[in-house]
Amino acid sequence: CYFQNCPRGGKRALSDTELRQCLPCGPGGQGRCFGPSICCADALGCFVGTAEALRCQEENYLPSPCQSGQKPCGSGGRCAANGVCCNDESCVIEPECREEFHRPVRAGDRSNVTQLDGPAGALLLRLMQLAGAPEPQPAAPGGY
């Protein structure tokens, strides 16, 4: 089970030293489960509710508690990927999780960045810009 959702007095009563890493998940088993539908990998980011996270449902049936991530963050979460904090239910952008994942990028490293080159990358960049942009003001009548 995931440490955050284990029953009190049962698995959750065990000390932190008895926690194991949650199941591996994602492409090539590079990630770790953070919740029943959340799989995060340092170099790939987090997959929420996707096929990459399906294996994470198995964790609910395992008898011993697990915990992924190193540094605590947010509301009962742990740093899961560069700038991302996850608990067993959701993930949020968390600046304090950025420093933990700084590593040099090598030419042979595979990451989502290379998969988003071209039109897909341009679309994602535009969506991110729109999400961070202030609400547009209505145009004045007749003034274009």
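Including glycine, each Cβ sits where the backbone N, Cα and C put it.
Each of Cys25, Cys46 is a candidate, yet Swiss-Prot gives the disulfide link of Cys39 to Cys25.
Candidates considered were Cys66, Cys73, Cys79; the recorded disulfide partner of Cys22 in Swiss-Prot is Cys66. Comparing the disulfide-bonded residues Cys25, Cys66 by how many other C-beta atoms lie within 10 angstroms of each C-beta, the top residue is Cys25. Counting other CB atoms no more than 10 Å from each candidate's CB, the disulfide-bonded residues Cys39, Cys86, Cys97 peak at Cys39. Only Cys39, from the disulfide-bonded residues Cys39, Cys46, Cys73, Cys79, place their Cα within 10 Å of the Cα belonging to Cys56 (disulfide bond).
Within 10 Å of the C-beta of Cys85 (disulfide bond) there are 26 other C-beta atoms, taking all protein chains into account. Here the CA atom of Cys79 (disulfide bond) lies 6 Å from the CA atom of Cys86 (disulfide bond).
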